[in-house]
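Inspection log for the structure reproduced underneath, given as structure tokens.
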Amino acid sequence: MVRNINETFLKACKGERTDYVPAWYMRQAGRSQPEYRKIKEKYSLFEITHNPELCAYVTKLPVDQYNVDAAILYKDIMSPLPAIGVDVEIKSGIGPVIENPIRSMQDVEKLGEIHPEEDVPYILDTIRLLTAEMLDVPLIGFSGAPFTLASYMIEGGPSRNYHKTKAFMYAEPKAWFALMDKLSDMVIAYLKAQIQAGAKAVQVFDSWVGTVNVADYRIFIKPAMERIFAQVREMNVPMIMHGVGAGHLANEWNDLPLDVVGLDWRLSIEEARTRGIHKAVQGNMDPSLLLAPWNVIEEHVKGILDQGMKQPGYVFNLGHGVFPEVNPDTLKRLTAFIHEYSKEQLAK
């Protein structure tokens, strides 16, 4: 049975007019929710993602609590890496840690291929469960982008400056492009499998690409992104690109065969469009604002919505993930305000 879903989010991604501005929040399922924190007392992130019923519950929780217009699958960008031979551990207070970092072409050549139905069946089963039985809004699948995945694989974990990653990129270009090719193959297969399982849109997170300048992006990263989006495009679902601190790359993303350019708070929607961004836009509230008094939040959100609504194709989101300290009631109130205010303004 095919479930009827609210397609407002999908319409906005395609640049179509909507009755109100759709909203969802990165990390909407996570540490800000008391129910999630209780689950995390018993289970690790990977244990949750390996349990389709539990993972589906966590994914759906913010949809029920906040009335958002899309769900995003609960998992980590590192989830597919063990399938290609990368030993990943998520350490509390640190993040992903990789014991066997990439240091040479030989290390790159050891990486394998992903076969999603065999390697990550639990992720695909979670998608099938959510889309067949549980959700009344679209489910977003996602992947990390090759640069960000490579940065973890080379640094061995999170970094403040990504010196090792960029040094490898400059000093070992042959190995770098081989790594980009292997990761691109993985991302393409991984995203296609999520769509085949029922995801109605996909987002590619390039969390750390903001550390790279435009010239280097064009040489070392953009070809891989062009290949990913060109090949996933044949699946005919909206594709979203998002990075942090990457406003200087927005025009590069605008050139890619994708549907939605994700912005963080450093580049306003108005400025992005002035620069020639003609695709749908997603963003771009500073998540720190969620810790401010409501009257401050409301004033800022009005300003963001007023910019976003100037043309069709706008999805409200944060510029980064929800902080653990955020009160869930604030997110519920925020969604209601976005819906009410935008509906009123768009009806004029």
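Note: Cβ is positioned from N, Cα and C throughout, glycine not excepted.
The model shown is predicted, which means the values in this text are computed figures rather than measured ones.
Here is what Swiss-Prot records for this protein:
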BINDING   ARG27, GLN28, ALA29, GLY30, ARG31, PHE46, ASP76, TYR152, SER207, HIS320  substrate binding site
SITE      ASP76  site 'Transition state stabilizer'
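What Swiss-Prot annotates, mapped onto the structure for a quick look.
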{"residue": "ARG27", "record": "substrate binding site", "DSSP (3 states)": "coil"}
{"residue": "ASP76", "record": "substrate binding site", "DSSP (3 states)": "coil"}
{"residue": "SER207", "record": "substrate binding site", "DSSP (3 states)": "coil"}
Is it possible to get the count of other C-beta atoms within 10 angstroms of the C-beta of SER207 (substrate binding site)?
21
Are there residues of the same chain, six or more positions away from ARG31 (substrate binding site), whose CB falls under 8 angstroms from its CB, and which are they?
ARG37, LYS40, VAL322, PHE323, PRO324
Run through the Cβ atoms and count how many others sit within 10 Å of the one on ARG27 (substrate binding site).
18
Between the two most separated Cα atoms in ARG27, GLN28, ALA29, GLY30, ARG31, PHE46, ASP76, TYR152, SER207, HIS320, the residues recorded as binding substrate, what distance in Å do you get?
23
Using a Cβ cut-off under 8 Å and a sequence separation of 6 or more, which residues in the same chain sit near ASP76 (substrate binding site)?
LEU45, PHE46, THR49, ILE90, PRO96
Is it possible to get the count of other C-beta atoms within 10 angstroms of the C-beta of ALA29 (substrate binding site)?
26
